[in-house]
């Protein structure tokens with residue numbers, strides 16, 4: 001690391017798998033920015049101390065992954081509207097003695113759907129599968145795209161209803177119908193289905209019936225790699241267009257880079273390079 005390079009990192013547990021250092025290194029090259037970005041494995045009970053240490057080292061910003069997104073929102077000095085709505089943060093900006101929290105997950109998802117996949121969300125019917133932290137982090141930005149309807153389903157119906165209730169005011173403002181449906185029998189089909197669960201990791205079946213799909217629906221899994229494959233295979237077998245969350249990963253990173261550096265890096269070439277690297281076993 002050169003003396004002029006600003007320090008950034010991603011904090012999580014586990015963290016060894018993170019592609020973020022590679023992504024941000026490419027962003028820095030493409031935008032001629034001088035920075036150093038590293039992984040930091042944080043003890044489960046040591047997140048607050050890790051933030052203090054990072055700030056003391058002169059750190060300028062960090063990405064936050066599981067399981068610290070809720071704690072990141074709580075420990076920040078200021079919070080964006082997205083963080084206030086989601087209750088979780090994936091991006092921190094250090095400025096003097098203050099820490100500003102933001103959440104770029106939903107922005108990344110929206111960018112990958114509308115630009116990467118070329119599927120508009122305005123006026124469309126969207127099914128959000130899951131009501132945990134991943135779903136909460138993206139519902140606000142999805143609503144801001146003015147879809148006709150967003151339905152939320154979850155194994156625990158009360159959690160789906162709670163997520164709907166927490167976003168009801170924004171939905172009314174956007175004139176979008178927002179409701180919770182029965183996961184096993186939603187009774188409707190959708191243009192876009194977003195899987196925000198870890199069903200594949202848990203070895204379970206796809207959590208919704210094929211009746212939710214329309215011909216040509218976009219079925220999007222927020223995960224990527226082997227974790228997303230069962231959902232993607234299911235979607236393809238039923239005639240949907242399947243897309244994993246690798247583009248979301250790159251796009252949310254680009255939004256974080258914009259917050260830190262004031263310039264949004266080109267995401268398409270970085271995503272293309274990343275897919276090629278993963279396909280080659282890197």
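Going from the start of the chain as shown, residues are counted 1 onward.
Heads up, the Cβ atoms here are built off N, Cα and C, so glycines get one too.
Pulled from Swiss-Prot:
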BINDING   18, 19, 20, 65, 90, 105, 224  shikimate binding site
ACT_SITE  69  active site, proton acceptor
BINDING   81, 130, 131, 132, 133, 134, 154, 155, 156, 157, 158, 159, 222, 245  NADP(+) binding site
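Neighbour count (other Cβ atoms within 10 Å of the Cβ, all protein chains): 20 for residue 224 (shikimate binding site). Proximity to residue 90 (shikimate binding site), judged by a C-alpha distance within 10 Å, picks out 69 from the recorded positions 69, 158, 222.
Here the binding residues for NADP(+) are 81, 130, 131, 132, 133, 134, 154, 155, 156, 157, 158, 159, 222, 245. Their largest Cα to Cα distance works out to 28 Å.
On the backbone, the CA of residue 158 (NADP(+) binding site) and the CA of residue 18 (shikimate binding site) stand 32 Å apart. Sorted by the number of other CB atoms within 10 A, the binding-site residues 65, 90 start with 65, the lowest.
Long-range Cβ proximity for residue 69 (active site, proton acceptor), meaning a same-chain Cβ under 8 A and a gap of 6 or more residues, is found for 88, 89, 90, 103, 133, 137.
The two recorded residues residue 156 (NADP(+) binding site) and residue 224 (shikimate binding site) have their Cα atoms spaced 24 Å from each other. Between the CA atoms of residue 105 (shikimate binding site) and residue 154 (NADP(+) binding site) there is a gap of 20 Å. Here the CA atom of residue 20 (shikimate binding site) lies 24 Å from the CA atom of residue 81 (NADP(+) binding site). According to DSSP, residue 65 (shikimate binding site) sits in a coil region rather than a helix or strand. Distance from the CA of residue 224 (shikimate binding site) to the CA of residue 154 (NADP(+) binding site) is 21 Å.
Highest Cβ count within 10 Å among the binding-site residues 81, 105: 105.
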